[in-house]
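Features reported for this protein in TrEMBL:
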| type | residues | note |
| --- | --- | --- |
| COILED | 77-104 | coiled coil |
| COMPBIAS | 1-18 | compositional bias 'Acidic residues' |
| DOMAIN | 18-104 | domain 'RH1' |
| DOMAIN | 128-161 | domain 'RH2' |
| REGION | 1-28 | region 'Disordered' |
Amino acid sequence: REEELEEEEEDEDEEDGGPESALEKSPFQLTAADVYDISSVVGRDLLQLRAGPQLPAARARLQFRIVRVLEMLEALVSESSVTEEQLRRERDSLRRELEQLRAAARGSDPQPSLGPDQMVIDLTDPNRPRFTLQELRDVLQERNQLKAQLLVVQEELQCYK
């Protein structure tokens, strides 16, 4: 009976890529469904380990899949670090630019003439706008996606422990 179930699952896998195809994707292309597919595949392998007769093959498959999940986790963490470093560099660049603007403002005329679509911004005001609304939305959306992916992967890791 178990052999029939495995054959049916393999047939399903071949038709639409199946749950195993999620392990072949880039970590940055994974969807929530892919994460559940990976969990299903690893869970099925764990059940096969308990069954016993195909122990070496099941153990090898499970080891490969766990290594793949760990590689995905590493890629996600590395990408998060790269993004964080890019933000730091951008912040430092903005600080240098601000200092240059402040230095230029000290040496220039204190009452500049403004056009109809211009306004004066106090560079010492901590609440002044620094980024466009779209830039903030993009950064927040990326952060939320990374947090969601990290939480899903942490939950999976807890399941495997």
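Every residue gets a Cβ built from N, Cα and C, even glycine.
What you are looking at is a predicted structure, and each value in this text was computed from that prediction instead of being measured.
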Could you break down the residues of the domain 'RH2' (128-161) into DSSP helix, strand and coil, giving a count for each? 28 helix, 0 strand, 6 coil
Determine the mean pLDDT over the coiled coil (77-104), rounding to the nearest whole number. 83
